[in-house]
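S.K.: Following this message is one structure expressed as structure tokens.
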Amino acid sequence: MSQTPSQLPRRPLSPHLQIWRWHITMFSSIMHRVTGSASVAGAILIAAWLVALAMGREAYTCFLTLASSPLGLLVWFGLSLAGFVHLTGGLRHLIWDTGTGFEPKKADQIALWTMILGVVLTLAFWAVLFATGKVTLS
Amino acid sequence: MSDNRDVGAKSVKSWKKSEHHGAGEWLAERGTSLVLIPLTLWAAYAAYSIAGGGFDAAIAFARAPLNAGLIGLTMLISVWHMYMGVKVIIDDYLQGGLRGFSIFLTFLLSAALVLATGYALFVLHQGA
């Protein structure tokens, strides 16, 4: 406490993933970074979608052929999963930012249920897409 | 620039500076998160509404002024949020030149995404 800035030790880097004992709030925190990073790929693909659209019918049809192929759909599914889990994870962090929900039991429950909600939203989104026939596997 | 991971190398002046802009970054992270909740839900609804409609549905959607504005806004806020988030991860695990270079690359990607989106929206508007 009485140290002046020049006597402070070098700030360490964050602990690396392998030193943590597994617990759910640690898992949800890591998943928030993983889903956030994956969403960067989502932003790139959505920008690519818009650019293809601006380039005209031919370019857009080419984009759609890739995007609606089984592999393309798998990519969109993964990106939507990352997006929804990051969205509900963000909700969790906003709740914690208000200073509530930090009791270990409550924190565990918030971590668990926000992750489950993210998965449920993703499955519901795709269930609707397939049920309305807007997306088909062919 | 010396290795700015070395807290001891920071002057009183830079401590004062970070004392002021730290709150701004914290607020920007929360602010963009809050705004992105409705915007990304809108984007999911938009994806649903044009899915399966091919080129015609997509172009009609993107040329509507409200949609074009929301696409631009969603991309801009998302990229801002993304830049801050990726920078936090870089700050946690990288240092020295590699840290600076990674942040520079993240900035380039962010700028490219915003420029590409803006340009595409401009072209779509011109063709309307």
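From the backbone N, Cα and C atoms, a Cβ is placed for every residue, glycine too.
Okay, so TrEMBL annotates it like this:
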type	residues	note
TRANSMEM	A:34-55	transmembrane segment
TRANSMEM	A:67-89	transmembrane segment
BINDING	A:H86	heme binding site
TRANSMEM	A:110-131	transmembrane segment
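Describe the structural surroundings of these features, if you would.
M.R.: Within the same chain, residues 28, 31-32, 34-36, 38-39, 41-42, 45, 49, 114-115, 117-119, 121-122, 125-126, 135, 137 sit at least 6 positions outside the transmembrane segment (A:67-89) and bring their C-beta atoms closer than 8 Å to a C-beta of that stretch.
For A:H86 (heme binding site), the same-chain residues that are 6 or more apart in sequence and have a Cβ closer than 8 Å to its Cβ are A:H32, A:T35, A:G36, A:A38, A:S39, A:G118.
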S.K.: Looking only at residues six or more beyond either end of the transmembrane segment (A:110-131), which have a C-beta under 8 A from one in the stretch?
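M.R.: Residues 24-25, 27-28, 31, 35, 77, 80-81, 84-89, 91-92, 95-96, 101.
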